[in-house]
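Trainee: First the structure, then my questions, so here it is.
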Amino acid sequence: MNAQKKKLVLIGNGMAGVRTIEHLLKLAPDKYEITIFGSEPHPNYNRIMLSSVLVGGADMKEIVINDWSWYQENNITLHTGDPVTKIDTDKKMVYSKNGHKVAYDEVIFATGSKAFILPLPGADKEGVIGFRDIADCEKMIDASKQYKKAVVIGGGLLGLEAARGLLHLGMDVNVVHINPYLMNLQLDEAASKMLQRELEAQGMKFLLQKSTVNIKGKKRATGLVFSDGTEVDADLVVMAVGIRPEVELARASGLTVNRGIVVDDFLRTDLPNVYAVGECAEHRGITYGLVAPLYDQGAVLAKLLAGANSDPYTGSVTSTKLKVSGVDVFSAGSFKETPTTRSLKLQDDLAGTYKKLVIENGKLVGAVLFGDTSEGSELFSLIKKGESIEGREKELLLGFSPSQGGGGSSPEARLKAMPDDEIICGCNGVSKATVADAILSKGCNSVSAIKSCTKASASCGGCKPLVEGLLSIYSDGSGEAVKEGICGCTSLDRDEIVAEIKRMKLTNINEVINVLEWKNSEGCSKCRPALNYYLGMLYPDEYIDEKESRITNERYHANIQKDGTFSVVPRIYGGVTSPSELKKIAEVAEKYEVPLVKFTGGQRLDLLGVKKEDLPKMWEDLDMPSGHAYGKTLRTVKTCVGNTFCRFGTQDAMGMGIKLEKAFERLNTPAKVKIAVSGCPRNCAEASIKDFGVIAIDGGWELHVGGNGGVKVRATDVIGVVKTEDEVMEWGHAFLQLYREEASWNERTAHWIERVGLDYVKQKLEKQEDRLALMERIKHTLSLTTDPWKEIVEKDELRKNFEPLKSTQPATL
Ligand SMILES: Cc1cc2nc3c(=O)[nH]c(=O)nc-3n(C[C@H](O)[C@H](O)[C@H](O)COP(=O)(O)OP(=O)(O)OC[C@H]3O[C@@H](n4cnc5c(N)ncnc54)[C@H](O)[C@@H]3O)c2cc1C
Ligand SMILES: NC(=O)c1ccc[n+]([C@@H]2O[C@H](COP(=O)([O-])OP(=O)(O)OC[C@H]3O[C@@H](n4cnc5c(N)ncnc54)[C@H](O)[C@@H]3O)[C@@H](O)[C@H]2O)c1
Ligand code: SF4
Ligand code: FES
């Protein structure tokens, strides 16, 4: 039987080549006797996941795509750790390093790329590596056990993912980038700057516009020297400055090679029976560096080899997503503006989101998303289809359904309205219809079942939230139907997570993610801060706050402004200050040349335009507590003058407000909390739009909850009337602790009350014994808090995070 089979040799046991074989085996399982040669000593693995391995999100075993048994089961002869060294295209023979000689009828080059190593003096020293394979990954992990300082050259996708991994491994990481802004091949300046700020807050340091000219050190690298004479120390140098197709063997074999091995629309080289697929192939002048186009190529080549009809491969539009936890970045198509394009941009510095659409001739040709990438696949689909979006541009920018026929803007509505042929999984080219069919006809009732059945979510994992969404839409509930979790990483909702943390006594974020089997093993920018909050709320004594999982403002204890400077708001209890305090603030503002001093809506003084490195010095000079104007915590207690001066006042509004502010300052809450106290029902302090509002009445106080200003105003509900200041304090403590214990992270009191109902809140606070129990718990938590400004001022290791980069001393050479 074997005698009738044709001989097929695949050179390169990587992602594109083996995917081609997988397709071929489905189409023509008995047509070929297959031999695969791979330089690496491993079975075929998911190179994309090396970034996850570095951050501890996957181990080497988990990234194997086809294990040894797959080759056996499919009668494939596999030679690993054995590169092909020569091909005789006349005799149709392949020769390997270990001495194997194999005849072929058809041979495929799938040799991928190699990391481009800058040809610098010193590039051959120990400790200088690329980031391409398992061996590189192991070198980084080993280096981190012995050395402290890492430098990554290249601020592209690979460089940033490597840098994130090295940070996770405990190294001090500088990223050296030749351009003024990061990911310049994928992002515009605005998105890039937002990205930089977020990564800096995670601890990454950047040396931009630096061109390396030399790698210092004797045997092992000790640092880099730049063209401007400055230097940086390094025990490990990772080069991530792009890739070069692996084409030497092809060139030596007489194939036409430019940057890659030149192929036609059916992946044929210019020699008969020789094909090339993947990163090593150059199609219509383009070599690709992402799996989606390579898999498209593989599908076309597999059909050709199987003798099936196939459309030609005509090229691909690409999209990318950075795989760094806590940062959502998406880029697709041509994001650069040209004289023939128009662009629409939406930037929200408070929410940390950015969206840019690039339009040419009425069609969407490019998109950049930062902070919220949930619309990425729909935008990418529109780019690929090339249909006109005229008249819908603004709707698309504002996030309404781009799909024909509308459908609303919730993720579920958008998924429902999505056309059947829309691609859900870009890496593997899986459409909505294919996923729906897997659920409805093939009984796939979990993401992993859909993954085995269709390959959707099997590569970068970026499409998992969409797959889950389809599962919840189409599943009939008979199996493991996935409901809406707190984010795409899990199907568990807030209450289930909190209950599981308590039941299993889970103590840190990674433990929760692992034990509760998150689909994305690193978590994301939605779940990590939420888990950080829940764990801190549940275990105030033991839990160590994970700074990395906080939003930027909370990490710097100041609000970041759109130009990258910060604002400083010192605590002024109840908005009541004094001439000496005002003088001190004025002196500090002058000393640090603060460009703008402004009163906030909450009656505080805001010093705007402060440089990051000046923050600790200013806090030290101010010698005032942090006003926490940046966090999910008590912001301000606004007061009117009350009966102290106002002729209408019935109670001491200022005194009450100061008491409340002193009690609750520094409290961690699910979302920001604002309080106000008015001295009479005229309500000059606007207590009826605050989270907790206190309004004086004759002989007592009216207590209000769940108010909200902002985009959607909600007036408060009254939960009670009390007589004394002590009772106000009791109810205030109890209400805030109930909110802390029961609301979802990022849920304001207004939304929480709308969700659970006012009656529920009232009933929970009705009995004094319950109020006192809540009060005891919140007081205990409050007793453990410290002032963050003071802590940073007093601790050198914390102050260092605010220092400008030290790595620009003059060269000593
Ligand atoms: C860390 C990292 C993260 C990435 N993340 C993403 C991502 O998120 N999304 C994305 O789309 N892409 C990502 N990529 C890129 C993606 O991994 C590649 O595009 C893809 O692996 C290329 O597939 P390939 O088969 O062409 O090459 P490879 O997977 O590199 O396979 C080629 C194989 O051929 C072997 N070989 C070379 N010469 C010979 C020879 N003479 N004889 C035998 N064997 C030989 C090589 O050793 C290699 O094992 C990432 C890459 C890296 C390194
Ligand atoms: N999430 C993802 O999709 C992902 C992740 C990792 C890698 N990859 C792929 O792997 C391949 C390699 O990634 P990459 O980031 O190395 O390539 P890249 O070409 O995308 O980026 C290289 C970056 O290095 C910079 N650079 C070039 N020369 C430099 C120098 N001398 N000093 C400092 N900076 C310099 C460039 O400006 C560029 O931004 C790409 O094909 C990429 O698409 C993709
Ligand atoms: S709320 Fe009443 S007490 Fe307070 S300032 Fe206004 S009028 Fe005066
Ligand atoms: S988009 Fe990468 S696995 Fe689906």
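Heads up, the Cβ atoms here are built off N, Cα and C, so glycines get one too.
Note that the structure is a prediction, hence the values are computed from the model and not measured.
Residues or ranges marked as domain 'NADH-rubredoxin oxidoreductase C-terminal' by TrEMBL: 319-386. What TrEMBL records for 560-623 is domain 'Nitrite/Sulfite reductase ferredoxin-like'. Annotation source TrEMBL lists domain 'Nitrite/sulphite reductase 4Fe-4S' at 631-768. Residues annotated as [4Fe-4S] cluster binding site in TrEMBL: Cys640, Cys646, Cys680, Cys684. Sequence annotations record features per position, and here TrEMBL assigns siroheme binding site to Cys684.
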Trainee: Any idea what the model's mean pLDDT is for the domain 'Nitrite/sulphite reductase 4Fe-4S' (631-768)?
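Mentor: Its mean pLDDT is 94.
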Trainee: Run through the Cβ atoms and count how many others sit within 10 Å of the one on Cys684 ([4Fe-4S] cluster binding site).
Mentor: 18
Trainee: Taking the mean position of the Cβ atoms of Cys640, Cys646, Cys680, Cys684 as the [4Fe-4S] cluster site, which residues outside that list, in the same chain, have a Cβ no more than 8 Å away, listed in sequence order?
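Mentor: Result: Val641, Gly642, Phe648, Gly649, Ala653, Ser678, Gly679, Arg682, Asn683, Ala685.
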Trainee: Across all the protein chains here, work out how many other Cβ atoms are within 10 Å of the Cβ of Cys640 ([4Fe-4S] cluster binding site).
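Mentor: Cβ-Cβ neighbours of Cys640 ([4Fe-4S] cluster binding site) within 10 Å number 29.
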Trainee: Tally every other Cβ atom lying within 10 Å of the Cβ atom of Cys646 ([4Fe-4S] cluster binding site).
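Mentor: Taking every protein chain into account, the count is 16.
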Trainee: If you draw a 10 Å sphere around the Cβ of Cys680 ([4Fe-4S] cluster binding site), how many other Cβ atoms fall inside it, taking every protein chain shown into account?
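Mentor: Looking across every protein chain shown, the total is 20.
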Trainee: Could you count the residues of the domain 'Nitrite/sulphite reductase 4Fe-4S' (631-768) that DSSP puts in helix, in strand and in coil?
Mentor: 53 helix, 34 strand, 51 coil
Trainee: Determine how many residues of the domain 'Nitrite/Sulfite reductase ferredoxin-like' (560-623) DSSP places in helix, in strand and in coil.
Mentor: 27 helix, 15 strand, 22 coil
Trainee: What is the three-state DSSP composition of the domain 'NADH-rubredoxin oxidoreductase C-terminal' (319-386), stated as helix, strand and coil residue counts?
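Mentor: Each residue of the domain 'NADH-rubredoxin oxidoreductase C-terminal' (319-386) counted once, the result is 10 helix, 34 strand, 24 coil.
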